[in-house]
Amino acid sequence: MNHLYRSFKTIALVGKPRNDINLQMHKNLFHWLMERGYQVLVEKEVAITLELPFEHLATLEEIGHRAQLAIVIGGDGNMLGRARVLAKYDIPLIGINRGNLGFLTDIDPKNAYSQLEACLERGEFFVEERFLLEAKIERASEIVSTSNAVNEAVIHPAKIAHMIDFHVYINDKFAFSQRSDGLIVSTPTGSTAYSLSAGGPILTPNLNAIALVPMFPHKLTSRPLVVDGDSKISIRFAEHNTSQLEVGCDSQITLPFTPDDVVHIQKSEHKLRLLHLKNYNYYNVLSSKLGWLKSF
């Protein structure tokens, strides 16, 4: 076999299978890669379930240090969870879509092996970088908790259907005050996720921009605001707010805080590196996922 175009020697399989079909795909792909001479690592929990030899077991951190590519099997949720961890290791990710929409998972499971062969064996791919957000909780002038987010950081009360009052500062300058169910702070990657459902704008992935999208604001003039991607966003809260507030990162990580704390959100120093097939077209993804069909 011609290995002229091979860019990767060690490839990791990651994801959390929801059913036997997804688990079987992990197993099949493991053997497919092994047969082609790749060194293969498999996320620890899956490898144990599949009873793979010990040398193939690896945590996400070990994968970050040892692998040159991670293949995510699952939906966007699986991609988000792995991307937050692996971004700091500068390892590219490509996804096989086993979820619903699949904005971040390019590969069609029906054509997975032919598409992977084009990518891995013939070098028919390119790498796209996308920025992450970093959310921090400041308490008494000290940072007490932090998390990255690929899609969005959402400020909201711990209990549903509770409104909160807050002020938003951009680069330490007052921008606006709001009474609402919360605020979505979204990356361009996240603009087609929760932000879109809340009426936020779609931002193409190459934009250096952050969207601030209110959640059920108690003011008809409240509208989404798009700011420079290098902005530092700070949110301060009224004392009469409920004592249990949260920042949700990609709906997977929760940072609790109180009205006395300050939430800071800005671009993370780490970037998500997405590996795309050569014929990838972002606008085709939008039209297929959102039903933007040609009328003539």
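Backbone N, Cα and C atoms are what each Cβ position is placed from, and that goes for glycine too.
Residues within less than 8 Å, Cβ to Cβ, of D76 (active site, proton acceptor) and separated from it by at least 6 positions along the same chain comprise G95, G99, N100, L101, G102, F103, L104, T105, A193. Summarising the annotation, Swiss-Prot assigns active site, proton acceptor to D76 and lists sequence analysis as the type of evidence.
Annotation source Swiss-Prot lists NAD(+) binding site at D76, G77, N151, E152, H162, R179, D181, T192, A193, Y194, S195, L196, S197, Q252. Around S197 (NAD(+) binding site), no same-chain residue at least 6 positions away in sequence has a Cβ under 8 Å from its Cβ.
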Close in space but at least six residues away in sequence, with Cβ under 8 Å from that of N151 (NAD(+) binding site), the same-chain residues are L80, S186, T187, T189, G190, A193, Y194, S195, D250
DSSP state at A193 (NAD(+) binding site), helix/strand/coil
coil
